Amino acid sequence: MILSLTVVLLVTWSLGKAQESISWEVQRYDGWYNNLLHHNRGSVGARLLRLLPANYADGVYQALQEPHVPNARQLSNAVARGPSGLPSRRNTTVLAVFFGFHVLSDILGTEKPGCPAEFLNIHIPSGDLVFDPAGTGDVVLPFQRIHWATETGQSPNSPREQTNEVTGWLDGSSIYGPSHSWSDALRSFLGGQLASGPSGRLPRETDGRVPMWKALDPSTGQGGPRGIYDLGNAWGNENRFLQAESIAWFRYHNHLAAKLAQEHPNWSDEDLFQHARKQVIATFQSIVLYEWLPTLLGRPIPEYKGYQQHLDPSLSPEFVAAAGQFLATMVPPGVYKRAHRCQFQKVPGPGGSYPAVRLCNSYWSRESTRLQQAEDVDVDDLLLGMSSQIAEREDNIVVEDLQDYWYGPLKYSRTDYVASWLQRGRDLGLPTYNQARERFGLEPLQNWSDLAPHLEQQVLEKVAALYANNTSGLELLPGGMLEVDGSLFSAIILDQFVRLRDGDRFWFENTKNGLFTVEETRNIRNTTFRNILAAVTHADPKELQPCVFVWREGDPCPQPQQLTAQHLANCTPMTVLDYFKGSGAGFGIIIVVLCCLPLVTLFVAWIVAVLRKRDFKKLQKKQGSSVRREVTGEVIHAMEWHGPKTDSSPVYIQLQADTVLKVLDGRGSVLRSISLKVHQRVEVVLSSNKGNKALLLKSPKEYDLVLLFSEEAERSNFVGKLRGYLEERGLDLHMSEMKEQSLMKWAVTQEQRKQILETFFRHLFAQVLEIDRSDAGELNFESSQKAKESLTCELSRVEFAEALGLKADSMFVDSMFSLADKDSNGYISFREFLDILVVFMKGSPEEKSKVMFRMYDIDENGFLSKEEFLRMLRSFIEISNNCLSKDQAEQVTESMFWASGFQDRDELTWEDFHYMLRDHDSELRLTQLCVKGHCLSFWLLKGVPEVLKQNLNNRVSFIKKKEPKERSSIPNRTISEEEKDPNLDTMSHYIERDGQELRKRPGRKVNQYQLHLYTEAQRKKYERNKVQQKIQEFKRFIENYRRHIVCVVLFSAITAGVFVERAYYYAFASPSTGIAQTTFVGIIISRGSAACISFMYSYILLTMCRNLITVLRETFLNHYIPFDAAVDFHRWVAMAALIFSVLHTAGHVVNVYIFSITPLSVLSCLFSSVFTDDGSQLPQKYYWWFFQTIPGMTGVLLLVILAVMYVFATHHFRRVSFQGFWITHHLYVLLYVLVIIHGSYALIQQPRFYVYFIIPALIYSADKLLSLSRKKVEISVVKAELLPSGVTHLQFQRPQDFDYKSGQWVRIACVALGTTEYHPFTLTSAPHEDTLSLHIRAVGPWTTRLRELYSPESLGLINKLPKLYLDGPFGEGHQEWNKFEVSVLVGGGIGVTPFASILKDLVFKSSISSKLLCKKIYFIWVTRTQRQFEWLADIIREVEEADRNDLVSVHIYITQLAEKFDLRTTMLYICERHFQKVLNKSLFTGLRSITHFGRPPFVPFFNSLQEVHPEVQKIGVFSCGPPGMTKSVEKACRQLNKKDQTYFAHHYENF
C-alpha cells in the first residue's frame, strides 16, 4: 500500500514538473471536450452535420444511381471537360490551392472506406478515349463508399450519416495527428521537436508506427513505406505538393521549438512542445481564416464576436463535396520549381526535360523524395514555385490530370476525379442544386440558360439532356461547378469556416480560454504564410510577395507562362493490377498437394504394412520349427530355367538307384521326380552357343527339365554321369545340339504344361457332359510336335494327385490311380481318365459303389476284407487331417458291419458292400469326381443341364424334432432318406429361393452339396407377393433398427440444423462485415461445415466412453439408444466428419482464392483485427493464408493428421498393423489441440468450438481416468497354455469388484510387451468363475509375440508368468442373449470366444435353477476343422454333461471336408451317421452335437426355428466371426423377416 502511494506521488510530481510552465488547458488531440455541453462535437469519429435532409433513393442509405441520375463519367465529360491554361481571375496562386487541400486534411478525413464494403462503381461508356479505347464496354471503375456511423441508415427517421475520421477543428491535426498516440509517434521527445530524418529538415520516413496511407504510385506502380513521411494526416503524402505544405508546417513547429528552447533553456520537452504546438495552431487558424480564405473566396470574413457554445461547428456533407470540388477546378496540370533568385528549374522526365513537375505523375511518388542531400531543397523549390505560379481559373473545367489520370482505387491505377466526387456526393446523399441554393438564401434555378450564361450552349445542352431537361433534378456538385460566380460553393465554404471559428472554444482569439494575451493575439494575426515560408525555406524574403496566396502585378518572381498539358510530360496511362498474377501455379500445386495427402499417407501406410508383414513373417519363421534338411548323397548343382519371364532357381540333381532323377531345392526337399525307366530313349539337347551352358532333358509325358550350368566342364561332367547311369540300366541316351534360343523355345515349360492340362480337362469334360468343342477350347500351339503332345497327353501320378487337390503319396490317390491306370504304365491317358469320369458323372449308385469296391480290393479277389475296409476308411479320414485314432476307425468299421448284419463276416462281397450303403443311394447318386480347378465350376457357365445343377444342390440332411410318442435316447436322430420327408418339396423351394448354387468361381474348389438343417413343421407356411415381402422387409428393418434409425436421424438433423444455422447466419444475419458479399459460397460452406465438424468431433468422444456405455446399456436408456452400435456409430460419425472436413477445406480453398484477389480495403473490413487499410490495396498472397496464419498452418496440420488417422484406421491397415492404428489414433489429442488453436484465432468469428466440446470432453476425461486407474493395476497370470491352431489360453486373477456378464470383453496389455498397446478380447470365462480367462489366437505381431512370451521355452528363461494390465469389462450386444426366449449363437473361427462364456453361464444358471427368460439356445459352430479350436470342444463337452434340461442344441459345421474330394466326403458322411447312430456322438469331435460337412444353410435353419417355436415372436441371433459369415447370417435374417412370422433380431461382431 505504501509502495503504491509512493509511486503515484512520484508520477504526479514528475508530471507536474514536466508541465510547470503550462498554465492553460491543453487542447486534446482527438477533439473531444472542446464543447463542454456536447463533448463529442468536432471529435474524431463525429458524424457530419446535414444542413438538408438526406437525398437517398430509399430515403435511408441507398445512393441514387442510373437511370435516376446521369452516368458519372458522362456527366464528368459534359461538365468538366475543357482546355487547361486559363489563369485564375483573382490571380490565386497554386500555393493557395494546395494550402487549401492541406486545410481540408486538417479538418476533414472522409477517405476511409466503409465496412462492410459497398461499391458505387463507375461504368465507363463504350469507346471512352481514356478508359475504354478498345470500345469493349466492359470497363467499370470501382468506387467504394466511405465510412458511416453504423447506428444510422436503419430507417427513414435515421438515414445514413458519414463520420469524420479526424478532428473537425482547426487544431493542427494535420501536423500533430488526430490522437495522443499518433502525436507521440511523431515526436522526438527532445527539445519539444517533431522527429525528423537524418537531414533534420524532413520528417522521418514511416516505419509502421504511424498509420500513414501508402497508396501505389500510379505512374510507376511502386508501393511500400519508401518515400512516405510520418505526418499528422494519413493522406499528407498524397502528392508532392501537399506533402511540401505539410513539411513546411513540420519545419515551422521545430523552428518555434528551437526558438523557445533558446529563450527558455529550463523548460522541459513537454513545455517546449506544447508552447510550440499552441503557437503553431493559433498561427494556422489565423492564416486560414484571415489570409487564405478571403483570398480564395474573394470576399471578406465576418468579424469574430466571441465563442458561441451553442453553435454546432460540425462539418457538413455539402461542405465536404463543395470545398474539394471548388479547389479541384483550380489545380494546374503541373507545378513549377523555383530556386533562389527566381530561377525556375527544369524537371527531368521521359524524353527530355520539362518546365514543371507533372501533377498526374506525382501522386504518391516514391522517386523524388529519396533521402539525399538535395531533398529538402526540392521541398523549398516546390513551395517557392507554387507561390509564384497562377492557379487555374475558378470555373467548371478540371485538368486532365484529375479528370482522366487521378490515382485510381483498387486494381485500377487511374480514375476520374470528377466522376468519383459525383459518386461521393451521391454516397453522401447530397441535396439537389436548387435545395442547396434555397438553404443558403439564393434563388433556385428556373432555366438552364440562367445557370451558366458564360458557357457555350453546347455544354448546357449536354448537361440538360443528361438530366432530361429537369432543373429540379440537377445535383449539387455539377450545378455548383457550372455557376458563373461560384456563389453556392462560396456560401457553403464560408458558412463552414465561420461556424468552425465561432464554435471553437480553443480559438486563438477567444480571450476567455486563457491561451493568449491581446498582444500575443495581435502578433499572431500579423503572422502570414509568407513569414512561415521565410522561416522554413532558404528563400530570401524579398523574393516572396506580401501575400503568397495571390500574385499581383509587380510582385517578385513571376511565372514564365501559364502552364498547359502540352508543355509537360505525358501522363502514364492506366494499368490494371492482377492480384493473382504469378500465383496460379503455386496455388494449384498446394491444392494438388492437399489432395494428395491421403495418397501420401496411403503410401506411408503401405510401407509400414510391408515392413510389418516382413517382420511378422520373420517372427513366424522364428516361431516355426522348420528343420532344414541337408542335401545328402552325390548331387550336381545347377540352375533350373522355368521360362522366359520367370527367374531361374538353384537346384540339385540326384540320380537315384530306382532309375529316378530327382530335383531338390537347397533344403533337400524334393521339387520333382522324373522316372527314366518309362522312357525308351532319354533325349538330351545341348546348347551350341559360346560357353555351352544349357542342357534340355526331354520328358515326353511331363514338362521338360532345362538346366543352366556355370561352366561347360560342369555340364560335361553331368552328361558323363548321366550316360554311365543309363548304360548301367540298359537305357539309351540320344544327344543333339542346337542354339540356346531354339533350345529354350522348343522346351515345354511348366506353364506350357499347365496349358496343355487345361486343354486336356476341357476336352475331357466336353466328352462327358456333351459340351460343344468350341466352348471347351481348341488346341492351338506353335508346332505340330506340341499339338501332338497335347492330344496324346497323359497324367503322371503327381499331376493326377494335384488335379484332385491331394498329396501324391495319399492312399486314396494310390488306389484311384491304380484303378484308372489300366495299362499300368504309370500314367493315365485321356481315355483312361474318361472312363472313370463317366462313371462318377453319369453312373448309377451301383456303378459308383462298384468302383469304390474295386479301388480298395487290393488283392483283387472279389472280396473286401475288414483290413481293406479299414484302409478305405483311413484314406477317407486323410481329408480331416487324420482326426480319428486307429481305435476310433476300427470302432466305426465294426459299427458299420454290425448295423448291416455282417458282424460275423470278415469279408464283404460287392453286393454286401452295396447293401451296407443302401440308405445312401441319394448321396451316391450325386457323388462327383472333383478335379481341382475344374470341378464343374467352369461347366456351370458352359451349358451344364439345369437338372444336374439342381441335383447338385439337393444334398440335404434332415434332423427331425423328437416325436412325443417316440422318445429316443438320442436327442436328435438322423434320417437320411429324402423320400421319407414329406416336406422335401418345401425344402427344395427354400434352396432355390435362397439361391444356394455352386459359386461360379473358376479355379476354386466348389461344394458339391449343401447340408440343410430342418425341423418338422408345426404349422402351414404361406407366402406373400414380392411387393408385400418388400413392405414386410421394410417394416422388419424399421423394427430391428428403429433405435439406430432414430439416433442417426436425430444426430443428422442436429448436424444439418447446425450447418443451416451457421450458413444462414453468415449469408443473411451476421453483423455487416461484407464477408458474405465477398465470398458467399465459400463462407457458407466453410462456416456451416466448421460448425458440423465442431459438433461431430466433440460428440464422437461419447462413442468411446466404454465405461459409461457399459453402465448405460443396463439402464432404461438402452431401450432408446443402441449402445452396442457405439463403434459403428463412431465410424459413421467419423466418416461424416471427414466429409465435412473436406467440405470445410474446399470452402476455405475458395475463400483463400477470393481473399487473394480481394483488395486490402475490403479485407480490412472482413478481418479488422488482422488487416489495416493503408491504401496499398495489395492483398496477401495465397501462401500467406496457408502457411503464415494460425488458422492456415493449423488447418494444414489438421489435414495431415486426419489423413494419417483415417488411412491407418481402415480395416486393412488395422489388421496388418494394429500398433500403427493404435499410435496414429492417439493423435486425437493433438487433433483437438489444433482444432482449439485453429478456431481461437477468431479470424472470421469468435471461437465456438468450446460450446460443443466442453461437456463431451469432461465426460470422456472422466471415463478415461477411470480406465487409467484400472490399467495401472498389475494382474497376475495363474495359468498359460498353448493350444493348437495358434491359440493361447490365459487364466488370470479376477480383480476385486470386477463384475461382468457373459459375452463382455476387456482390453489387456502385457507388461513384458509394453504397457501402451492394449488389445480387445472377449472373456471366455463365466461370471461365476473365480478367475478370468482369455483365448487369444496368434494372427498378428502382438498376439504372436504374446504366444512366444508364454511358451514353455520363454517361461523357462524368466521363471514366472508375465503380468497383465486389465481394462474393462465393456459391454456388447452378445450379453443380451438372455433377453430372448430363443437365441441362436453363431460362431466362426476365433469368434466363438464370447459364446464359450455364454454357454458356461447358461448351464450354470440352469443348474442352480436361476430364473431365465431364455428357454432354448442353438449354438452353431463353424470351423474349418474341429482340431482348430479343440479347447471349445472341451467346453461344449462340459456343457453337454451339465445340460440336463436340454437347453442347448449344438451343431458343428466342418467346412474343410466339403472342399475336398466328394467321393471321400460322401463316405465320411455315411460313416459319421453310422457312428452317430451307434454311439450317440460325433465321429470327429466325440461330442453328442451334430457334425455337418460344409457351410451352414442359415435360411432353412432359421425357417425351421419359425416352425419349431411358433409361440416365440422374436428370436435373438448373435454372430461373431469373419465378415463373410456375419453377412450371410444378416442376409438370412432379412430374408426370413420378409414373412409375417417370427422376427429374427441380429446382433453381430466382426473380427
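Heads up, residue numbers simply count up from 1 along the chain you see.
Backbone N, Cα and C define each Cβ position, glycine as well.
Record features (TrEMBL):
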SIGNAL    1-18  signal peptide
TRANSMEM  585-611  transmembrane segment
DOMAIN    808-843  domain 'EF-hand'
DOMAIN    844-879  domain 'EF-hand'
REGION    963-982  region 'Disordered'
TRANSMEM  1041-1059  transmembrane segment
TRANSMEM  1092-1109  transmembrane segment
TRANSMEM  1153-1171  transmembrane segment
TRANSMEM  1183-1209  transmembrane segment
TRANSMEM  1221-1243  transmembrane segment
DOMAIN    1270-1376  domain 'FAD-binding FR-type'
>> Taking only the residues in the domain 'FAD-binding FR-type' (1270-1376), give me the average pLDDT of this model.
In response: 81
> By a Cβ-Cβ criterion of under 8 Å, what residues six or more beyond either terminus of the transmembrane segment (1041-1059) are in contact with it?
Replying inline: 1088-1089, 1091-1092, 1095-1096, 1099, 1119-1122, 1125, 1129, 1132-1133, 1136
>> Please report, as numbers and ranges, the same-chain residues at least 6 past the borders of the transmembrane segment (585-611) whose CB is under 8 Å from any CB of it.
In response: 1145, 1149, 1152-1153, 1156, 1182-1183, 1186, 1196, 1199-1200, 1203-1204, 1206-1208, 1212-1213, 1216-1217, 1220
> By a Cβ-Cβ criterion of under 8 Å, what residues six or more beyond either terminus of the transmembrane segment (1183-1209) are in contact with it?
Replying inline: 586, 590, 594, 597-598, 600-602, 604-605, 1134, 1138, 1141, 1145, 1148, 1152, 1155-1156, 1170, 1217, 1220-1221, 1224-1225, 1227-1228, 1230-1231, 1234-1235, 1237-1241, 1243
> Using DSSP, how many residues in the domain 'FAD-binding FR-type' (1270-1376) fall into helix, strand and coil?
Replying inline: 25 helix, 41 strand, 41 coil
